[in-house]
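Q: Could you have a look at this structure, given as C-alpha cells, before my questions?
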Amino acid sequence: MADKMDMSLDDIIKLNRNQRRVNRGGGPRRNRPAIARGGRNRPAPYSRPKPLPDKWQHDLFDSGCGGGEGVETGAKLLVSNLDFGVSDADIQELFAEFGTLKKAAVDYDRSGRSLGTADVHFERRADALKAMKQYKGVPLDGRPMDIQLVASQIDPQRRPAQSGNRGGMTRSRGSGGFGGRGSQGRGRGTGRNSKQQQLSAEELDAQLDAYNARMDTS
C-alpha cells in the first residue's frame, strides 16, 4: 500500500472510510478530485482536550511588573462551501495533521441536515494559519473550500497594580474576558461580522512569521 504522505487528500479519506465500512457492505462512493499535497507526518488521532480552569489561581511570586500581553489560547477557522456529504470525521481527518484540535465539526440544522459549513478550533494559532494557507480554495468533493480565520481567543494576563497604602505591589484581576469577538450574533454568508476579512497569502505568511518569532524569543 502506498505511503499516505504520497496520497491525495481525498484518497486518504476514501481509504479510511472504506476501512470503517467493512461490516456495512459496499455502497456507492463519492468521486473526489485529487488534491496535491506535500508529504506530512500525520499526528495522533483527534482527541478531546482537557478543560481549562475557569478561575485564576494565585502564584507565589510574580517577578513581572508589566503583563500587557495576552496569553494565546487558540484560533478558530470557519470552513464554508462544503459539499453536504462531508462529515465530522472528514473535517477532523483533514485538519488534525496541522496540530491539536479542540473541536472540528460540521454545522447542522435542527433536522440534522448539513449547512455546508464547519467550525475548526485549534489549540495554537500558528497551526490554524498553516491549515488555512494549505486548504483555502482547495476543492473537496468538487467544491473549493472557503476558509476564514475567526477572531483570536485571547486570555489577558492579570496586571500587578500599585497599592496606595502599601509600599509593595499587589496583583489585581484583569477585567477583560475573551477579546476580539464582535457584539453581533452568529450569522452566515454576508451577515458575519465585517471585521472578519479574508487574509491574503502574504498576510498569512506575515502573521505566521511574527508568531514563530515571538515563540522563539519567549
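Glycine is treated like the rest: Cβ placed from N, Cα and C.
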Q: Among ARG21, ARG181, ARG192, find the residue to which Swiss-Prot assigns the annotation asymmetric dimethylarginine.
A: ARG181
Q: For which of ARG29, ARG166 does Swiss-Prot record the feature asymmetric dimethylarginine?
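A: Record lookup in Swiss-Prot returns asymmetric dimethylarginine for ARG166.
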Q: What is the three-state DSSP composition of the domain 'RRM' (75-152), stated as helix, strand and coil residue counts?
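A: With helix first, then strand, then coil, the domain 'RRM' (75-152) has 22 helix, 32 strand, 24 coil.
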